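Noted in Swiss-Prot for the protein shown:
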ACT_SITE  Cys99  active site, acyl-thioester intermediate
ACT_SITE  His392  active site, proton acceptor
ACT_SITE  Cys422  active site, proton acceptor
Amino acid sequence: MSQALPLVTRQGDRIAIVSGLRTPFARQATAFHGIPAVELGKMVVGELLARSEIPAEVIEQLVFGQVVQMPEAPNIAREIVLGTGMNVHTDAYSVSRACATSFQAVANVAESLMAGTIRAGIAGGADSSSVLPIGVSKKLARILVDVNKARTTGQKLKLFSRLRLRDLMPVPPAVAEYSTGLRMGDTAEQMAKTYGITREQQDALAHRSHQRAAQAWAEGKLADEVMTTYAPPYKEPFSEDNNIRGNSTLADYAKLRPAFDRQHGTVTAANSTPLTDGAAAVILMTESRAKELGLAPLGYLRSYAFTAIDVWQDMLLGPAWSTPLALERAGLTLADLSLIDMHEAFAAQTLANIQLLGSERFARDVLGRAHATGEVDDSKFNVLGGSIAYGHPFAATGARMITQTLHELRRRGGGFGLVTACAAGGLGAAMVLEAE
């Protein structure tokens, strides 16, 4: 069993999150159509620095992520530094942990702060499902390499003659797990069947997510954490997420057919996250550095945990695995939390994790723990809606959740909050946040 692990520097400074910002999230091929992730990243980091009024030289490191990477910009972090007017000497590197990428970016900056190598940094992520690295078939790729080595026109023509029409078809990015061939939706279907989660339960959670997200926007709760953007042809501002269905009814969800298991499935496009474009980032500092600069932190990073499980069956159980570890490291229990924000990749996945957090059997037989993590209080859970409503630009979701949770904690007078997510490859992430 792990013990509480205080996240502080050698001088006893807490890790402060002083501000956070994101672009509005856009459904694939809508408001951000044609804008690559690196440009979305530049948008949000540039605006974050402008709003914070922090001198560029104060930021000593930028860790950024992108899941669907573009070959022409393999280090999105460095491109953001070079494209936003930041100090050219700012250290910058990129990370990828699938849907938990910006969780990892935040953890990396926090570790640099604790090590004392920096006193302030930026973490975040961006993804575009509208600008994708469309590839070629393996056969064509191999022949193109061989053609480059061929010496004569005859040799080149002979190589090209081996190709068939099907070899010339473009190859979009894979939507399946590399190691298993399973799509994420296939795993969600597995989980629905394993844990007895009905179509009605999934649709109800999705409807709840959209209703709460719509209410959050209507009440102005997201205005300070979402920037206004202008995308080509620069005629209209884009300032609110365009996936939220505030006027939908439960009956609307019931009309959709299963998207993965066509005959017996329960996972639909409406109770899953859509493909989305967007970016998000946060500024982290040591507590003393924030005080020197006269900054009031949004909150503090209390603990974090990353876990991994097998990918063949029910692999999206990351929250059920990582949450108890993060709570233990924070010296807290689930009951101590004021808010719980869980990434909604699919309604089925979300409901399965909620079920297992309260399962004594899962805790004992799978996690090797004496007691269940705890029953999730609905009044604390995804109170502003979740990814099913907002959308899910893979690398940006974690930073969105962190910023959103800290703002809501402050509105409620402070306390502790949990942000947690599943990720491809059987990975899981959880962070405990604190606001005063």
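The count begins at 1 with the first shown residue.
Glycine too: its Cβ is placed from the backbone N, Cα and C atoms.
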- Task: Between the Cα atoms of Cys99 (active site, acyl-thioester intermediate) and His392 (active site, proton acceptor), find the distance and write it as a whole number of Å.
- Result: 8
- Give the number of CB atoms, excluding that of Cys422 (active site, proton acceptor) itself, located within 10 Å of its CB. 34
- Reduced DSSP assignment, His392 (active site, proton acceptor): coil
- Note on the structure: Quick note, His392 (active site, proton acceptor) and Cys422 (active site, proton acceptor): C-alpha atoms separated, nearest Å, by 12
